[in-house]
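Asker: If you scroll down you'll find the structure; I have some questions about it.
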Amino acid sequence: MTEVDDGCGGRLRGSVLLEDECDLKQECETPTHSLVQGRDPPVVVVWRNVVLMSVLHTAAVYGLVLLPSASAYTLLAFCFVSSALGITAGAHRLWSHRSYKASLPLRIFLAVANSMGFQNDIYEWARDHRVHHKYSETDADPHNASRGFFFAHIGWLLVKKHPKVIENGQKLELSDLKNDRVVMFQRRFYKHSVVVMCFLIPAMLPWFLWAESLWVGYFVPVLLRYALVLNATWLVNSAAHMWGNQPYDVNINPRENRFVTFSAIGEGFHNYHHTFPYDYATSEFGCRLNLTTCFINLMCVLGLAKDCRRVPTELVMARVKRTGDGSHRSG
């Protein structure tokens, strides 16, 4: 079995996975052609979501207008990064892919940060993401990019899920999530945690610490920040499935997109990620333009994370030569 140093004080297993990891890997990597496409059912618009998203983005534009008068820029950045890490390091890399192990304090922090991000609870987010990987670009993909940019970006949230998304989501093995006390606690109290973490605390802190008006505090660190994090995440589903190069596998839609990488703190190395979904860094290049990987590495140094799973360089290069588009550049 090939082992390399993981940079987290342990040994990585390369592409060789333990039995329970093989089950998760299979859930994420079944070929998409195994799903037979049929006639699309009628699209049912969820008008409540249309109204809420319209109001949110209108309020975010107003937040931009108020931005010059705001004093809590540091808090705005902190809330953006914190809520983004709750998605990227938490719901995505830890709970969807189990690409590293986190201690209880770190899992609690990531669950709290995930509630600040307000993109469905961890259980639902991870379930839908596993379906996305297993049936990417098919009717069972929640944000199927073959239906166009708008649908992949935000449209999928404005209509009822395709029946195949629900059907195939119910078939997944999710016992690891069900057995995680932090995940299930957050799911049970999700609405309460969102009210506190996404809306109350980011609005109240500027008022309490910097005498910022509650009006500015609500529209800038709350609504503007929330809309920015949402769109950064959505760009991974839309732009990173449409524009960019494919140095690792030209046979799949996901691309390497630098703008998305910067916006989503490291999630834009998407061709690599869909080729090697169990790699904790989601990139061949470690911390480069990858704040999430830097955060996980720091947690390893502090003893709060371990067993980061990484793909050996020789396997990456073999895949580049076999299925890449020729655009790969080392280093």
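Using the three backbone atoms N, Cα and C, a Cβ is placed for every residue, glycine included.
These figures come from a predicted structure and were not determined experimentally.
Reproduced below are the annotations present in Swiss-Prot:
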{"type": "TOPO_DOM", "residues": "1-46", "note": "topological domain 'Cytoplasmic'"}
{"type": "TRANSMEM", "residues": "47-67", "note": "transmembrane segment"}
{"type": "BINDING", "residues": "N49, N120, R127, D128, K161, W234", "note": "substrate binding site"}
{"type": "TOPO_DOM", "residues": "68-71", "note": "topological domain 'Lumenal'"}
{"type": "TRANSMEM", "residues": "72-90", "note": "transmembrane segment"}
{"type": "TOPO_DOM", "residues": "91-189", "note": "topological domain 'Cytoplasmic'"}
{"type": "MOTIF", "residues": "92-97", "note": "motif 'Histidine box-1'"}
{"type": "BINDING", "residues": "H92, H97, H129, H133, H273", "note": "Fe cation 1 binding site"}
{"type": "MOTIF", "residues": "129-133", "note": "motif 'Histidine box-2'"}
{"type": "BINDING", "residues": "H132, H241, H270, H274", "note": "Fe cation 2 binding site"}
{"type": "TRANSMEM", "residues": "190-209", "note": "transmembrane segment"}
{"type": "TOPO_DOM", "residues": "210-213", "note": "topological domain 'Lumenal'"}
{"type": "TRANSMEM", "residues": "214-235", "note": "transmembrane segment"}
{"type": "TOPO_DOM", "residues": "236-331", "note": "topological domain 'Cytoplasmic'"}
Asker: Of the binding-site residues H97, H241, H270, H273, H274, which one has its Cα closest to the Cα of D128 (substrate binding site)?
Answerer: H97
Asker: Using DSSP, break the motif 'Histidine box-1' (92-97) down into helix, strand and coil residues and give each count.
Answerer: 5 helix, 0 strand, 1 coil
Asker: The transmembrane segment (72-90): which same-chain residues, six or more beyond its ends, come within Cβ distance under 8 Å?
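Answerer: For the transmembrane segment (72-90), the sequence-distant neighbours (Cβ-Cβ under 8 Å, at least 6 residues beyond its ends) are 110-119, 122, 125, 198, 202, 205-206, 209-210, 212, 217, 220-221, 224-226, 228-229, 232-233, 264-267, 291-292, 295-296.
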Asker: Quick check for the class: what is the C-alpha distance, in angstrom and rounded, between H274 (Fe cation 2 binding site) and H133 (Fe cation 1 binding site)?
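Answerer: Taking the Cα atoms only, H274 (Fe cation 2 binding site) lies 7 Å from H133 (Fe cation 1 binding site).
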Asker: If we skip the immediate neighbours and take only residues 6+ beyond the ends of the transmembrane segment (214-235), which ones have a Cβ under 8 Å from one of its Cβ atoms?
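Answerer: Tertiary neighbours of the transmembrane segment (214-235) are 56-57, 59-60, 62-64, 66-67, 69-70, 72, 75-76, 79-80, 83-84, 87, 117-119, 143, 152-154, 198-199, 202-207, 257, 259-260, 263-265, 267-268.
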Asker: Please give me the CB contact count at 10 A for H133 (Fe cation 1 binding site), counting all chains in the structure.
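Answerer: For H133 (Fe cation 1 binding site), the 10 Å Cβ neighbour count is 20.
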Asker: Please report the number of other Cβ atoms within 10 Å of the Cβ of N120 (substrate binding site).
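Answerer: I get 17 for this one.
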Asker: Which of the binding-site residues N120, R127, K161, W234 has its Cα nearest to the Cα of H92 (Fe cation 1 binding site)?
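Answerer: Closest recorded candidate to H92 (Fe cation 1 binding site) by Cα: R127.
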Asker: List, by number or range, the same-chain residues at least 6 past the topological domain 'Lumenal' (210-213) whose CB is under 8 A from its CB atoms?
Answerer: 70-72, 75
Asker: Might you list, by sequence position, any residue in that chain lying six or more from H132 (Fe cation 2 binding site) with a Cβ less than 8 Å away from its Cβ?
Answerer: D141, P142, H143, N237
Asker: Near the topological domain 'Lumenal' (68-71), which same-chain residues lie under 8 Å Cβ to Cβ, leaving out any that are not at least 6 residues past its ends?
Answerer: 206, 210, 212, 216, 220-221
